[in-house]
């Protein structure tokens, strides 16, 4: 039965005899035959070539990479090579076999000589176990069989699922804390003094929100909005942001321990990728010379400049979204519908968020092309080096695609728009948006909520439906052709059905696993960087990941061809990316609390200007009078001449959110006081959070003591064996 196991299948169209494609195909197959490969051909509307490598190849591999600890043992003892290793070696040889025309398999696939090359999903015990116990929706809360995943898909896929499982497990803790903070906000917000003052401010007249036809409005009209804002913007959020900064560190430190334990069990802790690669090169071609490491400063500079140009384009797209929101606000506020007029700002933010999601979907595809092109310019030495370079570039692009609009809303919205009578305008016409009197954090909350919900619902549904529909269509196209062939032929050849069913599955590409990682790392960024504005982010991410694990499992087991297993002992450069996000999370949350949130102005008022401080009255709430204190006065006669606000109120003044003098509109002392407090808080928060992160990183060792002791014992035993070997010879 072992003789009928095929390592790889090559698929080709049936070309005319003597045509260029047919000659190229024959040359490639001849090269494989020279290396001792067994090739079997089946014709069924396409040509299928089964490829089996000679045992000699695997013996060479075992001998070259035998465990140094076992070098003293009998060299003739052959253990069977695991299936994942077989596939990996055969894939390497197929990819690096060169025809006399100096063409490799990749070149031949580009020239349509071959259509596909893939390893087979075998009907083995491990596969059936994974199909039944792992790749099913009903197992959503079950433990993952990481060991079995490794036996079938190799170490790289197994480590991805181990990491994803661990991340989801710890997200559960963050989700619970986030939910508690959110629920506490809901229970507190009705009793908040600030929202009470906004709801009772029925005679505070606010300046119009746009230039033409916009009415003056009462502050009490936005009572609900204010309550929602204080549901998010309270003291609990500050503590939660601090908690998430520590959580991100602890998560990574605990993952390093988990990974050390897992790879030690696999005997891969000290595995050397370079040695593995050189061994495979030599097995494939004994005359092979290793490619040297190279570095060109000129090339690096060019790539850096191109990356900066791409980032500038992505920031430009964020500016375009800002302009859209400005124009949308102006159009909605002049609409005939009363609802649109009243909710102009919220509608502009919500439609802007949907538009942002669409740009994310489109730019993801563009970013990939650009990152691949830049990788080709660099000419990396190995596959893993290429993957690392690609990872850093595409993550940088995706980060700006996803976050540049959020960064604008968090830190610039309402801070660069001037003041009544002297607004900053786009093209001298449209006014920049303003924040709501109760703060900017709600705009950030809406944007985050919409993007996270759309990303997790639409993207996941598409991720499952597209391969599922493609698989069904592929099957349908093939089915009638099978029937015509008659049953006898199928009985003759058991391989045909297996090869066809594997061919009908969806293609996998080199970056299939990479895509899953990227999606999770972007989600991790959303969960940590702006969590102060959206305490529900960890909960959404947790629910999403429970489905994501099974979704990925079903795709790999049922809808896609088998992945080429890859050997590795960590998650690669993703760890550095996650650590960078951890530091960005501290900076991001510090900035959100210091700049976006009203936490600092409230504290400054409470401890400097409030009735508690000035009148020493303890029976009133210390935030009494905060809203009146945070609004400046504007004289209606000072409006720009072409501004046509709605009906003027009987008073000659309106209020707006800022700290400016009533006579010359310059900043008041309070503005500078709050500005200093914001800076002081930012520096304090970031230093404290980074110190706590460093302490947490020191407190939790990267490698568990049990793993260290295991290596210590192993070294000791090996040295003792060596001594036994030497002692009798001396005598």
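For all residues, glycine too, the Cβ spot is worked out from N, Cα and C.
Here TrEMBL gives transmembrane segment for one range in the set 97-126, 127-156, 157-186, 187-216: that range is 157-186. The transmembrane segment annotation in TrEMBL falls on one of the ranges 494-520, 521-547, 602-628, 629-655, namely 521-547. TrEMBL assigns the feature transmembrane segment to one of the listed ranges (302-327, 432-457, 458-483), namely 302-327. Among the ranges 275-292, 329-346, 347-364, the one that TrEMBL lists as transmembrane segment is 347-364.
It is 237-255 that, among the stretches 237-255, 347-364, 390-413, forms the most Cβ pairs under 8 Å with the transmembrane segment (157-186). Broken down by DSSP into helix, strand and coil, the domain 'Anoctamin dimerisation' (84-146) contains 32 helix, 3 strand, 28 coil. Per-residue pLDDT, averaged along the domain 'Anoctamin dimerisation' (84-146), amounts to 88 for this model.
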